[in-house]
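First up is the structure itself, then whatever we jot down about it.
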Amino acid sequence: MTTTLTRPADGEGSVQVQQDASVRIQEGALVIAVYGKGGIGKSTTSSNLSAAFSKLGKRVLQIGCDPKHDSTFTLTHRMVPTVIDILEEVDFHSEELRPDDFMFEGFNGVKCVESGGPPAGTGCGGYVTGQTVKLLKEHHLLEDTDVVIFDVLGDVVCGGFAAPLQHANYCLIVTANDFDSIFAMNRIVAAINAKAKNYKVRLGGVIANRSADLDQIEKFNKETGLKTMAHFKNVDAIRRSRLKKCTIFEMDSSEEGVLECQNEYLALAQKMIDKVEPLEAEPLKDREIFDLLGFD
């Protein structure tokens, strides 16, 4: 006897964490999920982009979705407690919490939340992200927000860490001009396309980071239908801003590369505000990427 198991559809061949209506962000706010290969600079990019939106007069909330909870420290100038840690302190009775227990104000008024995550090898990071959004809604903290940025762990595209895609309008992918970063980006494109079948999320574009050139990125973009939205070269001031625990907007603009980076972040934020045209990109097969990238 053969038993056929049917799985809830959420893109072809995928089983994903489903978010109920109570944890979805209301229409009106611009919601961006930032993905990319681990260590590529997503937190740096997210924090500086949040700062740029705030400079343009927007009310911004950044949600770090990594158990390392290091997404927002350049905005807050410290490591803030995570939502999961705070909930554990009150035995998960969220009604006992006040907003300032888990949400912290950073540079130029940016609101910062670190969702945290379960111990390594246990639990589901997507569930934690969903509970974070639910908590924010319970305390009416999303009602006066113009922009929400999810800074997502590594290039994990399982059901759990794909959860932010269920809230987002756009996904931005951070990459470098190298094989490994672009290979990871290709997998992320596939995950976003799967989510886009049932959710509003669409590809917003590529952020080239720590890259002097764009030749390999542009090769990939041409084949898949992606587009580079911003380009940040390997500017030492960005590295030093992390060590100083501050955003690029708090660095001396007379230093080499600082003003250029600030302007590029402001330009990227303005592009997103002006309603980016969603991209219809198609991922390549692994062998196709292998054959595509490299020098002739």
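Heads up, the Cβ atoms here are built off N, Cα and C, so glycines get one too.
Lys68 is the only one of Lys68, Lys227, Lys244 that Swiss-Prot places in the ATP site (with Gly39, Ile40, Gly41, Lys42, Ser43, Thr44, Asn209, Arg210). Ranking the binding-site residues Gly39, Gly41 by the number of CB atoms within 10 A of their own CB puts Gly41 at the top. Ranking the binding-site residues Lys68, Arg210 by the number of CB atoms within 10 A of their own CB puts Arg210 at the top.
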